[in-house]
Amino acid sequence: EVYFKNLSKQKQKKVMEKNGNSHKLRVCVATCNRADYSKLAPIMFGIKAEPQFFELDVVVLGSHLIDDYGNTYRMIEQDDFDIHTRLHTIVRGEDEAAMVESVGLALVKLPDVLNRLKPDIMIVHGDRFDALALATSAALMNIRILHIEGGEVSGTIDDSIRHAITKLAHYHVCCTRSAEQHLIAMCEDHDRILLAGCPSYDKLLSAKNKDYMSIIRMWLGGDVKTRDYIVALQHPVTTDIKHSIKMFELTLDALISFNKRTLVLFPNVDAGSKEMVRVMRKKGIEHHPNFRAVKHVPFDQFIQLVAHAGCMIGNSSCGVREVGAFGTPVINLGTRQTGRETGENVLHVRDADTQDKILHALQLQFGKQYPCSKIYGDGNAVPRILKFLKSIDLKEPLQKKFCFPPVKDNISQDIDHILETQSALAVDLGGTNLRVAIVSMKGEIVKKYTQLNPKTYEDRLELILKMCIEAASEAVNVNCRILGVGISTGGRVNPREGIVLHSTKLIQEWSSVDLRTPISDALHLPVWVDNDGNCAALAERKFGHGKGIENFVTLITGTGIGGGIVHQHELIHGSSFCAAELGHIVVSLDGPECLCGSRGCIEAYASGIALQREAKKLHDDDLLLVEGMSMKKEEIVSAAHLIQAAKLGNTKAESILRTAGTALGLGVVNILHTVNPSLVILSGVLANYYVNAVKDVINRQALSSAKTVDVVVSNLADPALLGAASLVLDYTTRRIY
């Protein structure tokens, strides 16, 4: 046994020497309450899983050790962590003076603990007054501090405490791009900031599919159904206690009137919490048949409860952060979370004089389902944080360095070991192939996957999910952060709901299909869907000739004819999402039949299918092949053969292409006279063959005021994928995550 222990130690030593660090990093994690433990626990599990690199010491203080708040230190023990020290630091009273006295008591007790532990680094979370005492003690005792969730903005005194801890901390792990920018603006060293995402999301994004009905029944009763109950969690606002208690009274009145089963969690230990508990008891909440009032719910079970709730109401940061991962509707009350980044699932009630405003918000939100949001994380925070911890050089000077203005205009993540690129998953649903790609913010296709498009709806959706999951996994390996999924598909699309209303004949079984919900649920990412022509226009607006142009039209010339119209920098969808069906502009009353059922459409003349049809007619009459051309017996006649024949002098082929170019040109003239763009972009495989013909028709047929339009050929290699990516990248740029 001794031999094997020594052998194991030697192996660990070799691993550490290989990584350039012969010293195990001694990490002290201090947790103060149930909320911060939900963020710190995933990191603690990660540290514990790598004993060759880390030694973990756990210190418990604050409301963890108070019976009225659930004695939540027990869940730390249940997670099999050894608690090195328990510090009773809360002075009861639940008012402003008690908070100050609690900080002072913690400052008195912590030095002895830190002297005994002698940690290399202390991990401190968030913005609680207990955390301020921890950071102050560690900083004054020359212990390095890693601060989790710095740089965020919310309401009340929490902002001031959070930013004070930031100034004391040596290293920073933030959850959002905005938080990172705030830290940089606060003069923190760029190289010591890690944009990792929220650690709790590592557990959240894998939690929803677990057995949840037993948990719901345990906390709310056996007769409750999913999406038919409410979770309420409201804390006092320490800078305006009187108003926050009034808001809590109105909330309870509204919940009683709304008459739905409700799980109410007791407030935290902040000043004003005692008065809020009195309000609960005054209204009989603990004995009301519709309410279940509890001090604490284990985080694993709380996840399941909010994931399947009809709504969450209150002012907890959990509502605006973690709950977005499930798309559960949230009503955020008051000012406690003012400034937080939120998903579209959050409805704010900033102020309320009566219960009516809150009741109306409940009626609006209850039972809805929103797209999953990943503003605060993608499920890979802990691996990034552990990698960051391993990179810390204890030989570096302890004294902090501040990066005073001027701050760089465009700060990217420049930490060598975790350089990541904001990217989108782009999906192109073509008539033949299904393609998925990782596309960067600059329009670079980092990785692309292609499969034949299945014929049935079920197989197609299954393949989309499989390819997207594979691409999302690979994104971590190529250091790309996926912001969302954009889907380009043929047919008429409702982009607001993410539904394909009906598709072209090229894509079978593709009508009234909700693409957003199943893909968003599976990947926990926001999903956007639009028509392939519109996507091509978006690609040009972001990456191509349309960049910076106020009014332009993109015309796709491929298997079919499609396009998109950008007017005053915005894409036009129309009242029934049928705008820009440019291939079905009629240019002849007695022209050839189109796939849409009409006659004389541009698509019936100038599409790849139309040219193939005419090429087959010539071939059947032995009029296609000319000297210099040959075809194998089993070779299928295509539009390419017609173009080749025309180049070699086949007059009939030339005539067909001339007619096709004229039809396309007449369609463009109609577009010029309707929306008057300053630029027309021809895209697709046939664009180069049509551009001169289109210009000639414009010169002959257009009004003189419209002839000044520029007609160019797209220089984008893959407008469908780039357009699908633009759906995501444009939106995230506007939202500034």
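Heads up, the Cβ atoms here are built off N, Cα and C, so glycines get one too.
Because TrEMBL annotations are produced automatically, they should be read as predictions rather than curated entries.
Some features that TrEMBL has for this protein:
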- D532: active site (ACT_SITE)
- R492, T504, D532, E581, H584, E603: N-acyl-D-mannosamine binding site (BINDING)
- H584, C594, C596, C601: Zn(2+) binding site (BINDING)
- 53-390: domain 'UDP-N-acetylglucosamine 2-epimerase' (DOMAIN)
### Message
Residues other than H584, C594, C596, C601 within 8 Å, Cβ to Cβ centroid, of the Zn(2+) site?
### Response
G583, V586, L595, G597, S598, I602, E603, A604
### Message
Are there recorded positions among R492, D532, H584 that sit within 10 Å of C601 (Zn(2+) binding site), Cα to Cα? If so, list them; otherwise say none.
### Response
H584
### recorded positions near C596 (Zn(2+) binding site) (Cα-Cα within 10 Å), from R492, D532, E581
none
#### Entry: Sparsest Cβ surroundings (other CB atoms within 10 Å) among the recorded positions D532, E581, E603
E581
### Summary
Other C-beta atoms within 10 angstroms of the C-beta of H584 (N-acyl-D-mannosamine binding site) total 20
### Task
Pop the Cα-Cα gap between C594 (Zn(2+) binding site) and E603 (N-acyl-D-mannosamine binding site) into the table, whole Å please.
7
### Confidence summary (mean pLDDT) of the domain 'UDP-N-acetylglucosamine 2-epimerase' (53-390)
91
### Query
Where R492 (N-acyl-D-mannosamine binding site) and D532 (active site) are concerned, what is their Cα separation in Å, rounded?
9
### Task
State the Cα to Cα distance, in Å, between E581 (N-acyl-D-mannosamine binding site) and D532 (active site), rounded to an integer.
11
### Summary
Neighbour count check, CB within 10 A, over binding-site residues C594, C596, C601; minimum at C596
## Note on the structure
Whole-number Å distance separating the Cα atoms of C594 (Zn(2+) binding site) and H584 (N-acyl-D-mannosamine binding site) is 8
### Query
Expressed to the nearest Å, what is the distance separating D532 (active site) and H584 (N-acyl-D-mannosamine binding site) at their Cα atoms?
15
